[in-house]
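S.K.: In case it helps, Swiss-Prot gives these features for our protein:
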BINDING   Tyr121, Lys123, Tyr143, Asp150, Glu380  alpha-D-glucoside binding site
COMPBIAS  233-249  compositional bias 'Basic and acidic residues'
COMPBIAS  501-511  compositional bias 'Basic and acidic residues'
COMPBIAS  522-534  compositional bias 'Basic and acidic residues'
CARBOHYD  Asn473  N-linked glycosylation site
REGION    217-329  region 'Disordered'
REGION    232-365  region 'P domain (Extended arm)'
REGION    234-300  region '4 X approximate repeats'
REGION    304-361  region '4 X approximate repeats'
REGION    501-546  region 'Disordered'
REPEAT    251-262  repeat '1-2'
REPEAT    337-347  repeat '2-3'
REPEAT    351-361  repeat '2-4'
TOPO_DOM  26-475  topological domain 'Lumenal'
Amino acid sequence: MGERKGIPMALGLLAMILFFIASSSSHLVRASDDADDAIFYESFDEDFDGRWIVSDKEDYNGVWKHAKSDGHDDYGLLVSEQARKYAIVKELAESVSLKDGTVVLQFETRLQNGLECGGAYIKYLRPQESGWKPKEFDNESPYSIMFGPDKCGATNKVHFIFKHKNPKSGEYVEHHLKYPPSVPSDKLTHVYTAILKPDNELQILIDGEEKKKANFLSSEDFEPPLIPSKTIPDPDDKKPEDWDERAKIPDPSAVKPDDWDEDAPMEILDEEAEKPEGWLDDEPEEIDDPEATKPEDWDDEEDGEWEAPKIENPKCEAAPGCGEWKRPTKRNPAYKGKWSAPYIDNPSYKGIWKPREIPNPEYFELAKPDFEPIAAIGIEIWTMQDGILFDNVLIANDDKVAESYRETTWKPKFTVEKDKLKAEEEAATGSDGISGFQKKVFDLLYKIADIPFLSEHKSKIFDLIEKAEKQPNLTIGILVAVVVVFVSIFFRLIFGGKKPAKVEKKPERTEASNNQGSGENEENKEKEKQKEEASNAARRRPRRET
């Protein structure tokens, strides 16, 4: 009987176990379904060793680590050392075509120690013509797309660069997104998304929010444009020798007036000036300091005869002046300077010469970009900061899949980090919330600085904002300076200004040099200037020559 009574309890326990397994299985199925929807996904939950290949090239001596994000149990790929070059690559099982349908590129980065000078972008590599050798991955390895944050000096942008093969010349050309969004200035986890759509549209999202929209075929969105100009200046055309570009010329009939004195000086003595009353002619402007004494360690033989330092003569303070009075000079009313003939319109003026336009031999038309496929994913960067963490690298063919990953992998971490930061700010500044207010102001200013027509002033605005972030006690003054910059730009736009001369651009014929982002380009510019050591010895006057 006892055994029979235990049967219902056992069945109940079994039911609970089955329910737990079913619940767990449902989660696993959903995760599995998400993974199945992704073309490629790397969570870095497991060690990358053996799956991602670190470059053997000598320049890339930065150490990658499998590490937890600060404050989380979530693992990522960590840049562990400062001032190093890093290169690591993951070959895909199958190449990913970018020609048909939507393709979404997404990954997370966390700049745990900030980013002063360096890159945190990813390169989506095209198939290697000479065969794939992951251990030889470097900045020369050809890529199809480069996407992600880069910051150094005046550069502060989320790159989107694609390389496209000119079907006429056979050369690859880099096309850079114009006016890209700025890199978030905090140390939180951020997710970067690039959505390539079949209608030639590109969307750049940061933390799921659209920051930039562009069209691959638009000359307004990429530099240089994907579609070259139909004509180009004829490189063989030469300016005729008799071509006169002078709009104005000296009047050949003009004659110097007879009363024009070219030798008259610009200034003459003011004969009407008089010496002020009370001028002390016999008092020097400087006297020996009566309180000065010769240092005890002064050696006359080694250091020369000691002389007291000079101070201003106190008697001269109440007087209009001391020493010899000299008559001042004034501008010579008869001065005219060198004579030159006035300018008149040039009757032979033909305008500014330009070479004639000829058909561009490299011109082509496309209905859509002919992207190279993605065969591997690589991170090749140079950075002055450590603590950069890469995580949740995703390639998908549906932006809904990317959104799902953001919600499940990025958002929980970001929420925790944001709440922690808010609590720290409130603890540091009290309950008045000043720091939180400053953060909102900074975020707004960064967004304003991203407006395209402010691009030429962007670096100046960023410098002021970053100075305010680093010196909170000066924030108000610096914010005023930023406002002054905005106001000056506003007035310049309202009232106009001198427009720069229009310069015609020649289309690029050859592949642009492998642009690795300004981080690497700025490497040689970031060397510290050496300063001479200041002397600690007391100043000593040298022996006067007699």
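Keep in mind that glycine also has a Cβ here, set from the backbone N, Cα and C atoms.
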S.K.: Can you break down the region 'Disordered' (217-329) into helix, strand and coil residue counts using DSSP?
M.R.: 8 helix, 20 strand, 85 coil
S.K.: Might you list, by sequence position, any residue in that chain lying six or more from Lys123 (alpha-D-glucoside binding site) with a Cβ less than 8 Å away from its Cβ?
M.R.: Ser141, Tyr143, Ile145, Met146, Ile377, Gly378, Ile379, Glu380
S.K.: Inside 10 Å of the Cβ of Tyr121 (alpha-D-glucoside binding site), count up the other Cβ atoms and send me the figure.
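M.R.: Other Cβ atoms within 10 Å of Tyr121 (alpha-D-glucoside binding site): 24.
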S.K.: Could you give me three numbers for the repeat '2-3' (337-347), the DSSP helix, strand and coil residue counts?
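M.R.: The breakdown for the repeat '2-3' (337-347) reads 0 helix, 3 strand, 8 coil.
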S.K.: I'd like the per-state residue tally for the repeat '2-4' (351-361) from DSSP, helix first, then strand, then coil.
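M.R.: Residue counts for the repeat '2-4' (351-361) by secondary structure: 0 helix, 3 strand, 8 coil.
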